[in-house]
Amino acid sequence: AVISLLFSCSYAVSSKIEPFYKGGKVQVSFKDEKYIFCTCGSRVTVLEISTGKVVHSVEHDDQEDITSFALSCDDELLVTASRALLLKQWDWRQAQCTRSWRAIHTVPVASMTFDSTSTLLATGGCDGTIKLWDVVKQYCTHNLKGSSGVIHLVQFHPDISRLQLFSSSLDCGIRLWDLRSSQCVCVLQSHYSAVTSLSFSPDGGTMVSSGRDNICTVWDLESRKAKRTVPVYESVEGVVLLPKSKDFSQIGVKNQELHFITAGSKGILRVWEASTARCVYTQTLTTASENEVEEEEKDADSRSLMYLLHLPASSRLATVTAEHNILLYQLPDLTTQQQFVGYSDEVLDVKFLGKDDSHIVVATNSSQLKVFDLLTNSCQILYGHTDTVFSLDVFKKGFLFASCAKDRSVCVWQMDSGSGQVCCVARGSGHSNAVGSITCSKMKASFIVSGSQDCTVKVWDLPADVTATGLGVHQLTARTTEKAHEKDVNSVAVSPNDKLLASGSQDRTAKLWSLAGEGNLGLLGVFRGHRRGVWTVCFSPVDQVLASSSADGTTKLWSLQDFSCLKTFEGHDASVLKVIFVSRGTQLLTSGSDGLVKLWTIKTNECVKTLDGHQDKVWGLHGSRRDDRMVTGSADSNITVWVVSGPPVAHRRPREREVISSLLQYCAVWNTNARNCQDAQVVLQVLLTHVPPEELLQYQGARNHLEGLIPYTERHMQRIGRLLQASMFLNYMWQKMRVAGAPSSMGQDEEMDTTPLAQPFFTIDREKEVEKEEEEDEVSITQKAKGVRVENGKSAKTNGTQHSESEESSDEEEHEDEMDQTRENVMKRLPVSSATQCQTAAS
């Protein structure tokens, strides 16, 4: 029974989706291409591509942000640079720092790279100097000066025999350094803005540079002159030369001429033919409204690509977006293979999705929706809204869900049950302000309801063929619009039978509406009682009650019959942002601005569990359809999946042994007092019934406790035996007692049991008793008459009488000494507080 209670009242963390990339450099391991190295504040995280999980992490002890890092070409060494002007060399698999040294730079290091032999490390500083380090012999080999401003790009020539290093700084030139002479051989001038990346041909004779001046330049490294300037009409952050030995006809490569891929501010990959400066392939992106150019322009900044990396061994490309998402594309067709979200920013809502709740859909402080596969942590990024998405809700079957956003629109999305791909199937607009809440019909996918900051509630009917494929995006029209509140509508909820609608507002009220019929919403009642704005409303799945949470720190249960407040739950120190029913409507889960999630038992108003898993506001809270899991999303960018669980078996078993040992201790103490001995015997009986004696004797101190129980138990048994005999004699006397001369009065007592015993224990002869009393009187009189003689006889027999009495007294004292010694032994084995209590009880 104890274990089942623990299971019903506990939630354990099942998995977490945490930020692993917050901007900065990204690098892929060279040999196996299994890991992605990312900068995340003061850490470098290592993401395993196959599982989407962070498997390693290294962090500076001083908590200073890492400004740059480099992984050696043999994947053995990782070197990081921080704002503290320290360089650290790591065994990244063991997360151990093997070496640390001063960077010599006067300001932080902005860029760094290894050569192909994993021996030389080049660091470019914000002070305009470049240092080269021999990481094997551990000394600085070169100090290259001459650049102006921050050196944001350093790269070795792939042919190490040339001993050449390329660098770029704020002067927009590309410097070529001869490491033999430590001199700058030449400056390649073509760009008028920052140079962002360099890519070399396999033979090392050709190089392509990209810049934020909307051009790419093809260089002949033999003559050190520009062969071709290609205008690309976007700010380019990355360029990759395509190898001529492979077939890339699916992306427009029809000949053996030099082709390269660019990634930039437009958020798409494009293939260019260098000889003709012509774009031969442009990647297409799926949106909810592909024809709306205005939306694409608004969404361009969030889609901008910041890095482009080539993975030659697996024939893939990796891109990094401005939203800190990492996308992997398969060559030669550039199909999306995997997507990872490095940083979710502030999580505003989260819901379970798919069959068996295998996915979650997340709304963050972004116009993009993210659908995570909980098994692989891989993510789909959905484009459809043009401003921050505020709220989500999922239909009953789990494959259709709705979203609303600050762009005043609502969208309906469908997940394919086979492939898991999600696409937009319907879209509606009509609110005059941001749409802050949305809810779906519960019985079938027939309508959605939205609540907006324009103080209105809209009901949107879904077309019958909304889930049909190949019909494009349906345009939704509101069936009805109702001015529901005086301030922003923060939450809307539909009852389980689709007949009622509840709304909660910043005006501190919640309202109940009728959804029956095809006409307008009908107001049924108003729930008043919160002192501040209402954040969430939620219907019970089993009872006719409504739950609401408020910025006043309370959660209330309301009756749908008379709109009265049934219960109030207080415990959060700040606003209660979400409330849901769990355990088939018998418990509540609430989340608040204090970062806590609380589990409440409705019947007792008791908070049975507080979960402290977040560091900021918990905006998102949702339970699975089986009631065995929940998911939370917070402003700290963490998404946590919790599972209903008891303590692990490894922890539960020692706890059981500790409880039983304590019970045995207390039984031994309680048993020393007649007042508490019955409780001790009941507990002891339960222990002996449920725990085998062999196992019981193995508990710590069990033998001593049982030895202390035996003498007191025997004494209590004797006392109970005497009481039993006395009660039997009393019962006999009651049955035989008669009042002489008043038989009628006895008959009038209807409750008295006058049935004689069938076999009395003994009989009393009244005449003999009278004769005996007379004889005793005569003896007494005779003794008084012979007082002197009796006195003399008494003095003569003093020795014998005293000897007999001393023997009886000695036996009684010896028995009492044994009992006292046993009591002292028991008291010594108990804690001081327990012993004091026992002495008090005994006295």
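Keep in mind that glycine also has a Cβ here, set from the backbone N, Cα and C atoms.
Note that this is a predicted model, so its numbers are computed, not measured.
According to TrEMBL, the compositional bias 'Acidic residues' annotation covers 807-819. Look at TrEMBL and you will find 833-843 tagged as compositional bias 'Polar residues'. Annotation comment: TrEMBL describes 658-737 as domain 'U3 small nucleolar RNA-associated protein 13 C-terminal'. The region 'Disordered' annotation in TrEMBL covers 768-843. As annotated by TrEMBL, repeat 'WD' applies to 102-135, 144-187, 188-229, 382-419, 428-462, 482-515, 527-568, 569-610, 611-642.
The residues of the domain 'U3 small nucleolar RNA-associated protein 13 C-terminal' (658-737), classed with DSSP into helix (H, G, I), strand (E, B) and coil, number 66 helix, 0 strand, 14 coil.
Counted over residue pairs separated by six or more positions, the repeat 'WD' (527-568) shares fewer than 3 Cβ pairs under 8 angstroms with the repeat 'WD' (611-642), which leaves the two as not touching. If one looks beyond the repeat 'WD' (428-462) by at least 6 residues along the same chain, the residues whose Cβ comes under 8 Å of a Cβ in the stretch are 387, 390-397, 400-412, 474-498, 501, 503, 505, 513, 515, 521.
Within the repeat 'WD' (527-568), the DSSP-based counts of helix, strand and coil residues read 0 helix, 24 strand, 18 coil. The average per-residue pLDDT of the prediction over the repeat 'WD' (102-135) is 94, rounded to a whole number. Counted with DSSP, the repeat 'WD' (102-135) comes out as 0 helix, 18 strand, 16 coil.
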